[in-house]
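> Before anything else, here's the structure in question.
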Amino acid sequence: MMRDVLACVLGLPLLGLHLALTIAMAPVVRGLVDGCVVGLGGRGVPPVLMRWRWILALARRRGVRVAGTAATGLAAGATLAAALAACCLVPSFAFGLPGAGLSDLLLVTGLLGLARLGLVVTALGPGVARAGRAAVSAAMGLAMMQAVMPVVIAVVGLATGVTGIDGLLARMHDADVAGLQTPLVLAAMALLVAGLDEAWGGADAQAADMLANVTGPDRAALELARDLAVLAWMTLAGDMIWPGGLAMATGAMPPAPAALLAGVGAWLLRTAVLCAGLVAARLVILSLDRGLRTRLGLAMLFGVLAVVVLFAGREFG
Amino acid sequence: MPDRPAALPVVRGGWALAMVLGLALACMPALMSVPLQPSGRFGLAGVLAVLRVDPLSLPFVLVIATVGLAAGGAETPLACAALAVATGNPILFGLGAATVLPMVRAGRGVAFGVVAGATATALLAGGADGGWRLAILPVPVLIFAVVLMGLSPRPLSGARHVRPAWTGDVAGFVLGCCLLLRMLVDGPAGRIGASWGIGIGGVGLLLAMAGGTRALTAGDASRVLAGMLSAWGGVAVLLAGLAVVGRADDLPLLALGAGRTLFLLPAGIGMAALAAILTVSNIAREAGPLVLARTGGLAALMPRAGATLALALAVACALPPLAGFAVLWLLVQSLLALPRADGLTGEIPSLLALCGGGIVSGLLLLAGVRMGATLLLGRPRTPRCAAATDLPPGRLVAALSCLGVAGGVSVLPGPWLWLTRAGGWQIAGLGDAAPQGARPSLLSLAAAGGTGTFHPLGILLLCGLCGGVVLVMSRLGGGPSVRPTVAWTEGAPPSPPWMPFGDPTTQAGPGLFVGRLDAILGLTRLIRGPARGLVRAVRRAARSAAAVNDRTTALTGRHAMALVLAWIVVAALVRLWAR
């Protein structure tokens, strides 16, 4: 009991650090991706911190709320809270922190879906045609991708015997994972394809349509929630692809400072690699609406491939 | 009788008494296991033997008593359902459920249901050593439960075929869940094999998908709720199939997990659906018929009723961390705990079931968003709807109490599972000596295969903490307040709240959701193309067969003798070759 309390007390500052780093990094990552996409399109490279500046400027601006949408005014704050909760549950540079027992793969995908749903509700609130149309498309994508998530969770459950994120990372840290690496990488790819809406061309235009009638602090909260969701998806997939870079708490004691620094470096590296993949996807893939069917098929293909590779590894390897 | 005002408090008191007695039985399980004194005469002991709430009946009795208390006490089917559920004997239970069926359902299917119920009861009457009779029991039980819960394989929600949801539907749903457990799991004492369980689960999954599609395509709010309840009914059938597999393959933890999830369904989803049904009926009195294409903006016009309906929909749509999500989480974990044959082939059924569960979850989410978006968000589409005013708090008490039960079970499922623990052990065949791993935790839900744990209260606290951080940051930021109205008037007189600008019919309507899904997946092309081709192929084959038949008849008539001779020659040759 005392040991648990001690671990909790010692781990709380690390959890705070994880949350602060995640919040600080999220708009930077989005800015980096947007900058690379624009730069590779030959339209000049905007500064990486531009998105942060925009969010802060929005937060200082006076908001406008369309008549009759007071009930949906709370949606912006709830969306940001759901995204923050999801980020708390996804380890970035260390695992075994306080609250790690709450994290579950299906739950985290559900919370990130909830953050997406908050955008949809905000867009549908004023009853405007263009925003409503974009929101219906977003809701459609969210509902369609629900079919993929259980398959991904099945791969993780069959491979490691647990579906909790912390337990999964601990198993991959400890056990011989030679045969599990490829299926988990494929499952992470399926997760990214299904969950990360921003990877697809037209996502920014769709979000701009959805949030056209929101400004001020509400808009700032929603934009920050979008960025946090992107970073949470990338961190989750990165953890499944390369869990070795994460620092692990030993007993009640937090990880050593050197291990923590190495963990932060590995997180940045994983995120940078996944950003490069995101930029490539945004430059190559079709538009969002036309791509929804392709995206569903691709995500399902990755999931099924992960199952096949998992069993092929058990049969022959 | 209950319609008379003087009788209502009495009926309510009766429901409250039933609930208190149920709670007492749940808290003191020794009362349930008191042996009855055998006596030669049919006295009080005989009555008690018939109406004896056993652990398996207890959760359903409690839910129906709560439904009766919340529904105003004026529902005869509920009383009959409670009486049926309270009978521990499977045969008497079957008779009671068949009696309730015509009260909660109407139409041609009821006759099939009653016949199926009579067949199942007759099959069970042979006892546990019924031999072949029990081997075919799942078919009539499944038909009986499907009719009782109002499930249908029809994917579209035509007004002629789907009735609006009402309180009796919840009674049918609870009775159906109890029936599946009572007759399949508890009755035949392990006679039903695992293959039946897989078949029942497959049928349940298909019915759940059909129910989700009906909810997505329904034209009015009550039918959306009926579709959602059907989808959850299909999930209940799937869970019953998993419990049968667990019993047949001697996997008590799988049966226990499926049984506990089945107990969560009526208390979480059933109560939320009842809250939604009561709220929708109250809103309809103020805002007119809730046809999705004619309503809108009720969140602004009726904030209290709108918030109640939104919360009930959130539970029924399986949003985390509420009861619907907990049920789906437990379902996924139970499917992961299924026994497996070696290799990929043995994995395919559970993977397909997982994928189907995801599709059901997506359909429910989309149906809930569609209903919430067209009913609560946006602007009213008709002046009749725009004239609606909020309900007084007194009229929302019943719905809020049901929602409170659903919310309590969502946040803290442990107490509910503790109250119903003996039923879970009975399903798993563990008896009273349940091992430590089979005892429910008060704060969390454990996976059947030990693959994970779900802490709804912890997640809710985490979300609340994050919400508090957001609130504090927004207050510390000291940003300027939000202007409540648009600045588009440009000197014109202020417009009414339902029409700040533009035509309200231009907003995203219910048809857009279905149309977009159809456009993306090409469902109409997929269904109509092959279906038309199949009809054409059948017609062409029938024409060809008729032509061949005509020619053969003519040939036989003209050359009968030659054919007989040819047949004799062929037969002789075959006989020679055989030697």
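In case you wondered, yes, glycine gets a Cβ from its N, Cα and C as well.
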> Look up transmembrane segment in TrEMBL and report which of A:32-50, A:203-221 it refers to.
A:32-50
> Tally Cβ pairs under 8 Å between the transmembrane segment (A:296-313) and each listed stretch (A:32-50, A:71-93, A:141-165, A:177-196, A:258-284), then give the stretch with the top tally.
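Comparing A:32-50, A:71-93, A:141-165, A:177-196, A:258-284: A:177-196 has the most Cβ pairs near the transmembrane segment (A:296-313).
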> Short question: most Cβ pairs under 8 Å with the transmembrane segment (A:258-284), which of A:32-50, A:71-93, A:105-129, A:141-165, A:177-196?
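When the Cβ pairs under 8 Å are tallied, A:32-50 comes out ahead.
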> Taking a Cβ cut-off under 8 Å, which residues six or more beyond the ends of the transmembrane segment (A:177-196) line up next to it in the same chain?
109, 112, 145, 148-149, 151-152, 155-156, 159-160, 171, 230, 233-234, 236-238, 240-241, 274, 277-278, 295-296, 298-303, 305-307, 309-310, 313-314, 317
